[in-house]
Amino acid sequence: MALELRSVTKRVGGVLHIKETSLTLEPGQFNVLLGATGSGKTSLIKMMAGLDPMASGAVLMDGEDVTRLSTQKRNISLVHQFFINYPHMTVYDNIASPLKVAGMAKSELDDRVQEAAQILQLTPMLHRRPHELSGGQQQRTALARAIAKESRAVFLDEPLANLDYKLREELRDQLPELFAGRGAVVVYATSEPEEALLLGGKTALMRDGRVTQFGPTADIYRNPENVEAARVFSDPPINTATITKQGSEARLGADVRWTLEGAAAGLQDGTYTIAIRPHHVVPVAEAAGLVKLNGRVQVTELSGSESSAHFDLAASGQETYWVSLSHGVHPYEVGELHDFYMDPRAAYVFAPDGSRVA
Amino acid sequence: MKTENQKAWFFVLPVLLLVAFNALIPMMTVVNYSVQETFGDNVFFWQGLDWFEQILRSDRFHAALGRQFLFTFLILIIEVPLGIAIALSMPRQGFWVPVCLVLMALPMLIPWNVVGAMWNIFTLPDIGLLGYFLNHTLGINYDMTQDPIAAWVTIVTMDVWHWTSLVVLLSYAGLVSIPDAYYQAAKIDGASNWSVFRYIQLPKMKTVLTIAILLRFMDSFNIYTEPFVLTGGGPGNSTTLLSIDLVKIALGQFDLGPAAAMSLIYFAITLLVSWLFYTLMTKDDQN
């Protein structure tokens, strides 16, 4: 089973909300749609589910065009951010509802419901109504319904957003194994990059109704194709600055210079943006080939094992703030001028239009 | 917990007084009349339960009670499904929502006696718009002043016109409170339109429908003004509902004793049936 979107678009009130998007989603691992609120994650899911009309394009399931197939006939499941269960039915009936609609024999239905309830630890609550359950249990019920149905595609639209953090962590750890080996395409929408990293699988980055990069999550982390993708998986935020390239030399501000290596060295002369993760900017030069920066420390944070310093690059003639993240406890004084060392080989280089060039 | 003092009673006193003057005292005068015979000059003779026995045994009362139940049954069986159907087909958003709501609310804003008078004129065979049209254009013999069936059709239609809106508005309020996500969930489960109605819309409307049915039951069971103005209980006694009969006995014949006994029986029946309805409709929730 594979779920394919072919050049789909969606209009809302005459405005192109989802720009032309093509994606092929496969079972076996999570497909995470990652983007801010309003970036089009839910719209994309609704289009795949057939709940919202598309302006153009096609949805294929297993190579079969289902664009005109009604939601009822697509054999899919959807778990919402809000806990959607039928309020007047017991947990058992809630889990059983899609199976009953499908006209499944009673004994098989019972087996499926019991199995799903057991996996999600709902067995003792089967005869309660949703309002007698905690938020976590309500969401488990919704998940159990999706599992019992054994549908071709499961859409999880920010399913953990309304749970408190402890439950969220617990359920997030269980999710990949819940759906493992079930052969369904699992699509998981979230606005939290951390969730995408923890869930593994593939990630489609979404921004303004467009998929900006799609691939294995770790690949996106290591090889962002654009500035936005580089920013997404970075906490604290990734450091960016404008550099000027001339020959094999890069210049940041007036007096920070270094020699470019690898792909970056072969670029045309001009202005570029570099992005470098905070842990590649350190207060002590521990290796060779690091570039020294001088910054004024603005904010410092010490945690048990790491020190971070936010500093401005005013001394280098740039109106930007950078963050340095280093192991151990490093003594900073707020307001002091401090030397930081960045590793230029770890920097991503982007053209002015935001696309990655080195 | 031990009771500290009796102060709380003082706070209940105003409402007790209000209820006493508003309901209890008038009701006690009715009770007073129901067990006595009275002639002019406020002379009373003790009758015991004679009037109750007389009313309960009288064919006239049985007939009026039967007509009353038939009327209430007819309007409930028409107004409730019709109201739900109209609520289901009303738009949930956009320009037409306020238009529909105002149109729906209009009949309910008209005073009852005006409704009766309107329908009277509307259906008169020689001058009424509807009456004339049916008799002279379509050639259907329709005269609610002469024909009991026509009279019944007219009072039922009038009530449906006047009060279906109440069921519509209450059902609609229940319907719009259902989040889209439930409809989506039902679609994803593969549910048919009937299942969506049966398992999502109906349960959500249940509370308001209970109220709607109770209100419609009590109102229709106690209805007086509209049929009185429209048919005056006729032709013959064919549309003499309980309240019309009661007024005839009390003010027409001035039989205050039997009328008082009948009022109390009438009241007891309304209370009993309302209680039955309510208990049956809310039974599920208590389990």
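Numbers run from 1 along the shown chain.
Glycine residues also receive a Cβ, built from the backbone N, Cα and C atoms like all the rest.
Remember, predicted model here, so these are calculated numbers, not experimental data.
What TrEMBL says about this one:
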- B:65-277: domain 'ABC transmembrane type-1' (DOMAIN)
- B:9-31: transmembrane segment (TRANSMEM)
- B:69-88: transmembrane segment (TRANSMEM)
- B:95-122: transmembrane segment (TRANSMEM)
- B:160-178: transmembrane segment (TRANSMEM)
- B:260-281: transmembrane segment (TRANSMEM)
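Counting Cβ pairs closer than 8 Å to the transmembrane segment (B:69-88), the top stretch among B:9-31, B:95-122, B:160-178, B:260-281 is B:160-178. For the transmembrane segment (B:160-178), the partner stretch with the most Cβ pairs below 8 Å, chosen from B:9-31, B:95-122, B:260-281, is B:95-122. When Cβ-Cβ distances below 8 Å are used as the criterion, the transmembrane segment (B:95-122) is approached by residues 86, 128-131, 154, 157-158, 161-163, 165-166, 168-169, 172, 225-230 of the same chain, each at least six residues removed from its ends.
Residues 260, 263-264 of the same chain sit 6 or more residues outside the transmembrane segment (B:9-31) yet have a Cβ under 8 Å from a Cβ within it.
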